[in-house]
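Chemist: Sharing a structure below in structure tokens format, with a few things to ask.
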Amino acid sequence: MSKLYGSIEAGGTKFVCAVGDENFQILEKVQFPTTTPYETIEKTVAFFKKFEADLASVAIGSFGPIDIDQNSDTYGYITSTPKPNWANVDFVGLISKDFKIPFYFTTDVNSSAYGETIARSNVKSLVYYTIGTGIGAGTIQNGEFIGGMGHTEAGHVYMAPHPNDVHHGFVGTCPFHKGCLEGLAAGPSLEARTGIRGELIEQNSEVWDIQAYYIAQAAIQATVLYRPQVIVFGGGVMAQEHMLNRVREKFTSLLNDYLPVPDVKDYIVTPAVAENGSATLGNLALAKKIAAR
């Protein structure tokens with residue numbers, strides 16, 4: 001049998017594990033809730049043990065913060081996460097000790113960003129944001145992740161507040177920073193403003209324009225900092241069909257023709273990989289890449 005590659009998308013609420021071939025075709029995929037580290041890792045190892053004879057490598061895209069510095073004593077750890085029981089867990093070590101193959105470790109949004117570059121074969125510079133329960137971003141420049149001492153935390157940049165939030169005294173929901181992108185635009189901020197879960201809020205509610213205002217600011221930051229070919233927005237908040245055009249309109253207004261960018265319909269987009277599959281595709285490609293070293 002030809003070589004197989006593994007993908008672990010380690011989310012705060014669920015794990016998605018998959019095995020694929022050299023063409024990134026998925027042969028088997030499972031998902032299960034993220035419970036305790038012991039229980040979740042045990043299920044992960046059991047899944048990949050079935051393919052051990054042909055498994056060449058595995059890539060992990062994880063919730064964080066995580067330590068991706070291979071020279072660090074805590075490389076492979078989930079570090080200061082607020083998720084109960086998962087802080088300071090040697091995630092990679094606990095999984096890899098049962099195998100004799102290389103493992104690649106990065107953030108879940110980095111995996112998604114990489115998957116989107118694979119799906120968009122002519123794109124080498126891209127920023128991928130997930131806008132859901134939390135917010136994060138992965139940035140690729142010339143086919144490589146950016147970052148020095150560690151991964152970026154784009155969800156925790158401070159935002160210019162929307163006038164309605166100022167008027168109503170809404171300061172954000174992030175327990176660390178309040179008025180950062182995550183605190184002002186992630187899913188919990190919708191419910192905090194309205195008392196209604198996001199999926200139940202009417203499309204004509206002004207709260208969507210507030211969300212779009214903050215998400216558009218993120219696109220402005222990505223544009224002026226990285227000058228990417230494309231900015232991709234995924235996650236549950238952006239799954240609302242009306243949101244993409246709202247963000248494009250706010251972005252165009254805020255940028256105010258300061259820099260030349262592609263047509264906004266080609267520049268600010270949703271994922272090219274269906275069914276939230278960007279991270280799995282990215283992980284399979286990253287696993288194949290490290291296996292070839």
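Positions of Cβ are set from backbone N, Cα and C atoms, glycine also.
As the structure is a computational prediction, the values presented were derived from the model and not from experiment.
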Chemist: The ATP site in Swiss-Prot includes P188, G236, V237, M238, A239, Q240. Which of T133, T139, T280 is also listed there?
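Modeler: Matched candidate out of T133, T139, T280, per Swiss-Prot for ATP with P188, G236, V237, M238, A239, Q240: T133.
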Chemist: Out of H156, H162, H167, which one does Swiss-Prot list together with C174, H177, C180 for Zn(2+)?
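Modeler: Zn(2+) site check in Swiss-Prot: besides C174, H177, C180, the record includes H156 out of H156, H162, H167.
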Chemist: Where among the binding-site residues P188, G236 do you find the Cβ with the fewest other Cβ atoms within 10 Å?
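Modeler: Lowest Cβ count within 10 Å among the binding-site residues (P188, G236) is G236.
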Chemist: Which are the residues of the chain, H156, C174, H177, C180 excluded, whose CB is within 8 A of where the CB atoms of the Zn(2+) site average out, their centroid?
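Modeler: So the additional residues around the site are G155, V157, Y158, G172, F176, K178, G179, L181, E182, G183.
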Chemist: For the ATP binding residues given in the record (T133, P188, G236, V237, M238, A239, Q240), what is the largest pairwise C-alpha separation in angstrom?
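Modeler: Max Cα-Cα spread across the ATP binders: 15 Å.
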Chemist: So of V237, M238, which of the binding-site residues has the fewest other Cβ atoms within 10 Å around its own Cβ?
Modeler: M238
Chemist: Near C174 (Zn(2+) binding site) in space, meaning Cα within 10 angstroms, which of the binding-site residues do we find among T133, P188, G236, A239, Q240?
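Modeler: Of everything listed, what lies within 10 Å of C174 (Zn(2+) binding site) (Cα to Cα) is P188.
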Chemist: Restricting to the same chain and to sequence separations of six or more, state which residues have a Cβ under 8 Å from that of T133 (ATP binding site).
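Modeler: Listed in sequence order, they are G12, T13, A186, G187, P188, G236.
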